[in-house]
Each structure stands twice: as structure tokens, then as C-alpha cells.
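Below is one structure, written out as C-alpha cells, with a few remarks after it.
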Amino acid sequence: MSDNDDIEVESDEDSSRFPYSADKRAHHNALERKRRDHIKDSFHGLRDSVPSLQGEKASRAQILDKATEYIQYMRRKNHTHQQDIDDLKRQNALLEQQVQISNPKPPSNGAPEQKNVLQLLSPSKVRALEKAKSSSQLQSNYSSSESETEEPQSRKKLRMDAS
């Protein structure tokens, strides 16, 4: 054997693979950077969606904890509002029955029909009033959500009336 057998010579095949693997690595790094940026942007969006974290610096763990608390709070609030809606529907049905009992048939003398008080408000006005009330109470209720255990007086009255 000669001394030339121990020398490794770079072939054209080896040199052509090196740039490909560098390109592949660079492409992978770019994709990974894009993925990390997307996760970072998503956490920023989540942070900005939680009222108690808006504009604050917070770790990802804090963002997830506060977001979880806020979601639970909103679910409780949504459930309470749904109960209020159901109570109001029941009260509305009772009032409609009382109106039917007190006015069994429309006047036949050609006089205009009496309007139900509930029909006087347009649905858009009712929604606007509900939205204004809920948005003004949202921030104050969210900050004191842990102490929110007592049922509102209006619902207590409705529940007692329905019994």
C-alpha cells in the first residue's frame, strides 16, 4: 500500500451535498423562527384580550393562568345572564297571560288595538340598553368576580314571584 491510500480527497459528490444540507438547515431554521414568531404573536394577542393583563408584561405561564381565570369568569357571567334571560322570558309569559286574561278579546268597535307595553320598545333599543348596562358593569364585576356570590335582587324577586 502507498502513502496516498490514507489521504481523504473530497470528491465532487461530497461538495455538492454540503451546500444542500446548509440550505436545508437554513430553511428549517427559517421555518422554526416563523413558528416561534407565530406563537409569540398569539401570546401577545391572548394577553391583550384579557382585561387584567392589557398593556402589561407577563410571562407565558401568567398569560395562560389569567386567560383561564377570565374564561371561567366569563362562563359564570354568561350562565348568570342566561338565567336572567330565562327568568325574564318566564316573567314575560306570565305578564302576557295576565294581559290575555284582563283583555280576552280585541275591541270590535273599530278602535285601535291596545299595544302591549313590551311591544313599545323596539328590539334595537332593548339590545342597546342591555349592551350599555352589561358593558358598564363588566369591568367592575370582573375586578370583583371572586366575591360575586350573591344573586341580584331582580332575580331574587323574580324567583319569589314565580314560586
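Cβ coordinates are placed from backbone N, Cα and C, and glycine is handled just like the others.
Annotation comment: Swiss-Prot describes 1-40, 98-117, 128-163 as region 'Disordered'. If you look up Swiss-Prot, you'll see 1-13 marked as compositional bias 'Acidic residues'. According to Swiss-Prot, the feature domain 'bHLH' maps to 23-74, an assignment based on sequence analysis. Residues annotated as compositional bias 'Basic and acidic residues' in Swiss-Prot: 29-40. As annotated by Swiss-Prot, compositional bias 'Low complexity' applies to 134-146.
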Review point. What parts of the chain pack near the compositional bias 'Basic and acidic residues' (29-40), using Cβ distances under 8 Å and only residues at least 6 beyond its ends?
Key: none
Check your understanding: What average pLDDT does the predicted model assign to the domain 'bHLH' (23-74)?
Key -> 95
